[in-house]
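Novice: Dropping the structure in here first, questions after.
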């Protein structure tokens, strides 16, 4: 009987030597693996964890101290010791009891500490993950003047607590997924149960669980995944991402699903509709009129940034009769002596601006002033004075550039900016007609897209009685 | 956030823009002095279309036009009719493209070759039609806002440039009521109101007979009001005589705008209205046509869209040799040979056949 | 089948337009039909019809799939083998 039991336990990997060997086999010679012999009650034990995923003070305070306290005077069996540990000593910590050594290894990688007891089949796995992460700071995008200044950080736990803190509601649900064959990144789906449409929820779950990616370092990857799921070509972004907990929460109230990726301060919102990209969280915290005004201003700026250069080209090179004669003379006077036609002139300056913008975002902070001096003086003033481009051209390009940045979501602006070039091309080929056709194409595209079955842009949807939102 | 269904408001805007699109620019054919009355008068018989079409729909539990034809006329004759309707829709689409191109040529671009303008435009139409009726309906609501905004702007500008002279609509009814009624029955009834038959094709998706009756009635009323206002604007600003001889009356009215020498030449705005409207109307027709042809040849609808759009584009160039022919053909022959049979006679016969055949069927 | 559909639509449409032209110009059908044919003076419509038929043929003969297959063969041998396997099975 006893020999049989011994052989059984021998098979079940719980002799400490064997565990050590196995750990070594799996983890190799990695320096951050701590395998330390400890005393668990009257028995010998082994604790192992990754030092990079926790800090030693935490281990000392919460794990080792309690191991020592769990010593009992009278002898008890291994199983009882184990239960004692599980129920009384570590009741405050999140813990799990596992049997399979592979699962244990995986948990260790995720930042848990495993406690093996000599000869005991079960392994106690404690969540001791304490990661250093950026403290909560003001978000760098989507700035507001009035309103909460907290922003999401790279830690998903922090982000979830930021959301939960705003919803003191039992209906808030977090569902966990692990994405990436190599990285096993935690992805959380947050929603208000009962509010969100079941069909959409099902689709999101399906997409998340059927993803085939090997690594995931930012929510941008998932954004692309959701985006490419839609049928046909989609020129406009169909996923909203935000760094602001208040923006995310106000979206979740409106029956959306938030997706939090560990390691990314950008939380995704699906389904997304077009007006979302013109909404700043600040709009709700102000007098209604100002909010509405600034929202319309944003739409206006969006339209401006799209069509102004194309319109300029179309009107000056094809339809001069549409310009009031006074303005026409002043434009003509300025363009006198300019060697390029209007379309090339505009393209030249637009591309210059794009280069400046790219340089401005990527360069180190310290050389910033250099770029702005070169940009403003050399490209602005000097080109005009040298007679390479006209003054009105600089006005047009800078107006477009500024209005391009009005959209509260940077990704939206950066994607839409490229349509401008298409429109410039069309209008320099066939004038106003081309511009109108280009705009029509964009509008058709806008109304065609659906984000998880929700129409991207539907003007009168709020008057639909069947709609619940 | 809930997944999409076709929104009744979108259906309404779709039909409204469909009715407005080309007729707003060509106005009611101005063969009679008080042309603005024609639109009003035509509205009442037009309501009979609603009655007829919704009776067809409700008798067959909201089947589309094509299955209904096959059911009523049997397999072979039914297929012939389906083909006939598909070609009819294609032909109207081609005519509308031609209308638009004529206007763009006269208002915006005079030297650009027509085939280029047409091919770009039909590509856009095909792309719109590919999105399906749901997307087209959403697009229509966008278009409606733009078109109405532009119309209002136009009216306000006309007012401020003091071009609106109310006396120009006099003499009122100088030849009595009869020419007006005659014109209503020979022109305005069939175009734009009768063209609503194309929506029978999509009706299963748009909400069936019940929705059709109500929504189309509202669309007819709004279209009638808007068309009458635009006709009145044209008469007030141009006068009866010059409206009679102008091909694009709204365009000519827009040319009158002049506010402090800054806002002049608003014809571009009118051109925009017609481009948007025609785009929508043609994509509806093209979509209906592809549905029909795909049904006969058992092909997927999406595969046919681009080739048929190109065919429609080519037709739009071939359809007439000059604009004089275009106008006479459109005002006279198309109405008698195509609109009246296909909008009234065939549906009426179909309805009667359906009633006869399936009352017996229901009894047995 | 798409080609046939497009062809039928084209021919019927041309006949329809010719019929209307008969009414407008009061000329015999054959003459009107010949006038209508897009050969002279403006040949652009020929190209448009041709483009329509090319598109229909493209769809009919599944050119996109074929090109993809060919492209896959050149760039990735394993893929082509998989394809062949799939074909055999």
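Counting starts with 1 at the first residue shown.
Note that Cβ sites are derived from N, Cα and C of the backbone, with glycine treated the same way.
Predicted automatically and left uncurated, TrEMBL annotations should be read as such.
I grabbed these lines from TrEMBL:
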type     : residues  : note
TRANSMEM : B:12-29   : transmembrane segment
TRANSMEM : B:36-56   : transmembrane segment
TRANSMEM : B:76-94   : transmembrane segment
TRANSMEM : B:114-133 : transmembrane segment
TRANSMEM : B:139-160 : transmembrane segment
TRANSMEM : B:180-203 : transmembrane segment
TRANSMEM : B:215-233 : transmembrane segment
TRANSMEM : B:269-289 : transmembrane segment
TRANSMEM : B:301-321 : transmembrane segment
TRANSMEM : B:333-354 : transmembrane segment
Novice: Give me the stretch from B:76-94, B:139-160, B:215-233, B:301-321, B:333-354 with the greatest number of Cβ pairs under 8 Å to the transmembrane segment (B:12-29).
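Specialist: Out of the listed stretches, B:215-233 contacts the transmembrane segment (B:12-29) most.
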Novice: Counting Cβ pairs under 8 Å to the transmembrane segment (B:114-133), which of B:36-56, B:76-94, B:269-289, B:301-321 comes out on top?
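Specialist: Out of the listed stretches, B:301-321 contacts the transmembrane segment (B:114-133) most.
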Novice: Report, as numbers and ranges, which residues of the same chain sit near the transmembrane segment (B:333-354): CB under 8 Å and 6 or more residues beyond its ends.
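Specialist: Apart from its flanks, the transmembrane segment (B:333-354) reaches 49, 52-53, 55-56, 59-60, 68-69, 71-73, 81, 84-85, 88, 91, 95, 186-187, 190-191, 194-195, 197.
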Novice: The transmembrane segment (B:139-160) vs the transmembrane segment (B:76-94): three or more C-beta pairs under 8 Å (separation of 6 or more)?
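Specialist: These two segments do not touch.
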Novice: Determine which recorded stretch among B:76-94, B:215-233, B:269-289 has the most C-beta pairs below 8 angstroms with the transmembrane segment (B:36-56).
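Specialist: The listed stretch sharing the most Cβ pairs with the transmembrane segment (B:36-56) is B:215-233.
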Novice: Near the transmembrane segment (B:76-94), which residues from the same chain, at least 6 beyond its ends, have a CB less than 8 A from one of its CBs?
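Specialist: That would be 65-66, 69-70, 125, 195, 198, 281-282, 285-286, 288-289, 291-293, 295-296, 308, 311-313, 315-316, 319, 338, 342, 346.
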